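Data first, discussion second: the structure below is written as structure tokens.
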């Protein structure tokens, strides 16, 4: 006798720890293409929501793809709720966005989640650009972050250039960087981690990261590795979130995440690889 297939509506949904909303590439190690393996290394289940789908990053001679259509993007988010997958979500992680309309849609969606779950962690890497390349996102993204997303974040990980764009304040010195970061600590925000903080002040061969809270500011320092694959910020953000969910205080989580990135960079340099090679087992 042929048994009837079980009704999927009657079965328990897949438990999801992290909703990671970032870019996706067919070839390379950026956005969710690097973040998901890092999350999995912590034993976390991830719902990976693409904002753009590209063949590779734009620094290659050819690239195909683009932003996910807005109706698809909103549908991805809505269907996570419809499948009952959001009940146990511990963190929503945001990276590269395809444009201001996505930011606005995300703001509405996250606000709805936070209204139901005030303790929900929202970690945002406000991807805008960097000192070397300038702005490399769609026009209007700085205003979109300010208008729709910053007030929902529990934690933010801008680089120094992005911090200056978001706040309109100087970030040339570490003192200025810390002061600018503190202006983002309103609403739900508890911490701001500034990567590549005040680069003009670094000792030779070193890189500094500022970890800023309402009550404290710590400056972490690590070695500069002479290679520059894309995706290090995405890897750092995922590792940071993994360590935070494992119970580490924010400064220690940042230290451990930076160490993982350094190990990956050293492995990448030794292999002579043009794409980021993830480091070995977590410590």
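Placement of Cβ uses the backbone N, Cα and C atoms for every residue, glycine included.
Residues 157, 162, 195, 222, 223, 224, 225, 232 are given by Swiss-Prot as ATP binders; from 119, 125, 132, that same site also lists 125.
Looking only at Cα atoms, residue 59 (substrate binding site) sits nearest to 232 among the binding-site residues 125, 162, 222, 224, 232. Using a 10 Å radius centred on the Cβ of residue 224 (ATP binding site) and all shown protein chains, the other Cβ atoms total 13. Across the structure, residue 162 (ATP binding site) and residue 23 (substrate binding site) are spaced 18 Å apart at their Cα atoms. The binding-site residues 136, 222, 224 include none with a CA atom within 10 A of the CA of residue 234 (substrate binding site).
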